[in-house]
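Novice: Take a look at the following structure, please.
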């Protein structure tokens, strides 16, 4: 549905050259909710603006629904752009227009007949839960209601793609949750492919299927949300994950663990998914295999509809441990593990 191939973007300002994107390549599948996360200046907003041609590439290809959009002239892009909706952090509503007129604006600009406009606007306002607000003005609405108007406006042309650039950053936690639930419903009901730009890992955790982590204009890590949360590879990804899930003990606790550790012990970190949590792992290790094991740390969390668990175990190097192949035991059960050095 959306594909970036070796995309580079360079901004030139007087004597200064800034490379905002560096050889970015990945694909977003149809009907996917794909998150792009990174700190300020990572290049994520520049990336999303390439999809609807608010920016153009310096080098590389951006392919949208089979069209290499950078090769099209503006007049030929119009039909493609009709299939792309976008919502922003600050809503971008027309304060002088009613809620109804704001939602209707894309249809008015495309010279849609009044009957069809009314049908589509009423449908979208009902869908986002604002049918009773259609005659009000943006200044009379809360932040969450304004974003619902923006979502209705973006969807009124029934696009295939919805771009969300920091769409929840200006909202409080409860309102953010309701907007994310609405976007998830958009994806399920209309099959819209969503590209979600954010700096909040809680947004990725709640709604996205897959995620790309960006830093300094590059994609440094990518995978399913479950994979990135369970086994982040880069320090940036680890830092983002740690903002919403305690995957390991604090530095103070780790220092305490290490002060009591010697060569007679080995520590392992384990990640268990919702099915593996049901396995009697500790019971088997202790009672069947007679290992001397202590639980130093454990944490459970929700990743979308799945419960996951993080364990930090310490094993004593006694005769039972030396005779037991722990890594084989874990691998046979498809349990992810990491020896803590």
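Just so you know, glycine gets a Cβ as well, placed from its N, Cα and C.
Copying in the features that Swiss-Prot gives for the protein in this structure:
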BINDING   38, 39, 40, 41, 42, 43, 44, 45  ATP binding site
DOMAIN    2-241  domain 'ABC transporter'
Novice: For the domain 'ABC transporter' (2-241), would you mind checking the mean pLDDT of the predicted model?
Specialist: 93
Novice: To see if you understand the setup: which same-chain residues, six or more apart in sequence, place their Cβ under 8 Å from that of residue 41 (ATP binding site)?
Specialist: 216
Novice: Determine which residues of this chain, when 38, 39, 40, 41, 42, 43, 44, 45 are set aside, have a Cβ within 8 Å of the centroid of the ATP site's Cβ atoms, and list them as they appear in the sequence.
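Specialist: Near the ATP site, the remaining chain residues are 199, 214, 215.
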Novice: Sort residue 39 (ATP binding site) into helix, strand or coil using the DSSP assignment.
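Specialist: Its secondary structure by DSSP: coil.
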Novice: When you measure from the Cβ of residue 45 (ATP binding site), how many other Cβ atoms are you left with inside 10 Å?
Specialist: 19
Novice: Around residue 38 (ATP binding site), which residues of its chain at least 6 apart sit with Cβ under 8 Å of its Cβ?
Specialist: 44, 199, 213, 214, 215, 236
Novice: For residue 43 (ATP binding site), write down the residues of its own chain that are at least 6 apart in sequence and whose Cβ falls under 8 Å from its Cβ; none is a fine answer.
Specialist: 9, 20, 21, 22, 24, 214, 216, 217, 218
